[in-house]
DNA sequence: ATGCCGTCATACTGACGA
């Protein structure tokens with residue numbers, strides 16, 4: 001007897017990461033983009049709200065479950081999913097004194113996902129850069145635990161690291177920025193070399209592809225950008241990977257975030 | 001260029017971002 005096989009349609013999961021640069025200022029953009037792009041999972045960063053500005057009801061109407069950690073004015077990360085979300089961690093382990101809202105990890109639709117807002121790290125000669133490097137070490141430590149679970153997982157977010165010179169429009173102009181510093185690049189590689197796959201770079205290794213463009217100096221119109229938003233996948237997730245790209249559409253809208261979504265698609 | 005632009009706060013200026 002043939003099974004009804006009713007749940008076989010699609011079986012694909014689109015997972016995107018997007019630094020919205022203020023969810024209050026970007027609510028209309030977010031809702032429009034969700035309707036148009038229709039991701040199964042959206043990992044958001046820089047909510048810049050304790051939570052009151054998160055449009056929970058509108059998101060629910062679009063079919064999304066929502067979990068987030070926020071704080072006033074700065075940082076803040078969220079997971080939106082069409083499947084139920086079971087939060088595993090709402091802070092990055094390894095520093096009890098770190099109260100910045102930069103990490104949320106959850107199970108949803110059979111995949112472990114995390115939305116991570118890595119510290120920017122500028123200026124590099126201050127404790128902000130030290131904090132960035134320490135945060136990256138803590139993500140590596142957490143990743144060791146995740147790898148031991150041997151599960152498909154996707155660590156998405158604003159890594160604030162441009163891994164290669166080709167990920168920067170002009171290395172002469174950006175070379176001294178924290179996102180290009182060798183200390184951060186080494187830790188990014190240490191993370192990657194644990195066995196993770198950068199989904200976008202797997203399909204688009206060519207230089208000159210960006211996820212952030214400076215508001216200043218007409219960066220968007222000149223395509224003066226950097227690639228700092230990444231989706232890092234465990235082997236079990238990479239086995240399911242069928243596509244990845246950058247959706248530049250929302251960056252062209254009026255009053256855009258300076259970041260645009262990076263997404264990957266898994267075939268489950 | 002310690003510049004440029006944009007968001008947030010209790011705000012008409014400053015911190016922060018990358």
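Placed from the backbone N, Cα and C atoms, the Cβ positions cover glycine too.
Just so it is clear, the model here is predicted, and its values are computed rather than measured.
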Can you find which of A:46, A:58, A:127 TrEMBL lists as binding Mg(2+) at the same site as A:19, A:158, A:160, A:258, A:259?
A:46
Have a look around residue A:117 (active site) and count the other CB atoms within 10 A of its CB, chains all included.
25
Candidate active-site residues A:117, A:158, A:259, pick with smallest Cα gap to residue A:229 (site 'Important for catalytic activity'):
A:158
Write out the long-range same-chain contacts of residue A:158 (active site, proton donor/acceptor), meaning residues 6 or more apart in sequence whose Cβ is under 8 Å from its Cβ.
A:17, A:19, A:45, A:46, A:116, A:117, A:118, A:228, A:229, A:259
